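Annotated in Swiss-Prot:
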- 11-12, 31-36, 56-57, 77-81, 146, 150: NAD(+) binding site (BINDING)
- 121, 146, 175, 189, 190, 204, 205, 206, 213, 271, 272, 273, 274: substrate binding site (BINDING)
- 146: active site, proton acceptor (ACT_SITE)
């Protein structure tokens with residue numbers, strides 16, 4: 001199968017590229033390298049089934065690109081990923097995450113693409129939900145332009161499915177972590193803690209550490225993307241999480257243990273807009289896609305710490 005991965009040089013995108021190549025698929029990777037890193041694709045570049053195109057989905061000739069490469073399935077991970085930037089500059093966020101998605105959908109329609117697997121956000125589209133674990137049947141309640149853009153992307157792609165028969169599915173990951181995650185961004189607390197503790201730097205927890213998140217390992221998320229690229233789940237959003245809540249304080253303790261560093265974070269006032277809880281119901285992904293998480297948190301943390309330890313040497 002011939003595939004296109006947008007955001008291919010990112011943390012999740014590059015891991016997906018490696019998985020698709022390992023499964024024997026041809027992959028065209030598209031990324032403008034504004035946040036993704038070329039080094040994430042070093043392994044992929046050794047494959048004769050991989051081609052890389054440096055381009056921005058907002059202004060690239062997507063119609064020409066898709067006509068040339070003729071992918072059967074598009075995995076759409078290219079995005080503006082900073083919630084803070086979306087709040088500071090909503091038009092920019094919408095340009096990338098909404099207009100970019102619509103441009104891709106239109107090019108896919110014209111090229112006869114079978115399916116687009118779109119990246120939504122299990123951690124933000126529900127806002128503060130009325131129940132935990134949170135299922136896809138809960139109303140969306142975006143609390144940021146970033147979340148609103150993800151919902152808009154879903155709506156547009158579902159419209160393309162209904163009007164033009166361009167199939168789509170939406171992967172809504174919980175808090176993804178693992179090797180290649182950016183330790184310098186606003187999110188990615190596992191990477192942030194891992195790198196800081198390995199370097200002997202002080203770590204910060206915002207709030208009292210009781211906030212919880214649903215942490216899911218990147219390989220498990222990639223498996224959900226691959227499964228969603230098949231015929232099942234058209235037009236549906238799939239929560240991809242473990243269904244297990246872990247507090248920030250518990251997470252820090254686990255990472256400090258894996259590193260062999262003191263478990264002594266600094267505590268700072270909570271940040272405006274941070275959610276108190278997050279826990280996703282993954283029943284739909286289990287039942288429709290046959291997906292289930294395979295990597296427990298302790299194992300995933302060990303793999304992540306090993307990655308950053310090797311990188312620092």
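Cβ atoms here come from the backbone N, Cα and C positions, even for glycine.
The substrate-binding residues named in the record, 121, 146, 175, 189, 190, 204, 205, 206, 213, 271, 272, 273, 274, extend over a maximum Cα to Cα distance of 25 Å. Most Cβ neighbours within 10 Å, among the binding-site residues 57, 79, 190, 205, 272: 190 holds that distinction in the structure as shown.
For residue 121 (substrate binding site), the binding-site residues whose C-alpha atoms fall inside a 10 Å radius of its own C-alpha are 146, out of 57, 79, 146. Cβ neighbour counts within 10 Å, taken over all protein chains shown, single out 32 as the most crowded of the binding-site residues 32, 274. Separating the Cα atoms of residue 79 (NAD(+) binding site) and residue 205 (substrate binding site) is a whole-number distance of 27 Å. Annotation for residue 11 (NAD(+) binding site): same-chain Cβ neighbours under 8 Å, separated by at least 6 residues, are 40, 176, 178, 180, 181, 182, 188, 218. DSSP assigns residue 190 (substrate binding site) to a helical segment in the three-state reduction.
Mapped onto three states, the DSSP output places residue 146 (NAD(+) binding site) in helix. For residue 213 (substrate binding site), other Cβ atoms within 10 Å of its Cβ number 22. Nearest by CA distance to residue 190 (substrate binding site), out of the binding-site residues 32, 35, 57, is 35.
Cβ neighbour count for residue 175 (substrate binding site) (all protein chains, 10 Å cutoff from its Cβ): 21. Rounded to a whole number, the C-alpha distance linking residue 146 (NAD(+) binding site) with residue 274 (substrate binding site) is 14 angstrom.
Per Cα geometry, 35 is the residue among the binding-site residues 32, 35, 57 nearest to residue 205 (substrate binding site).
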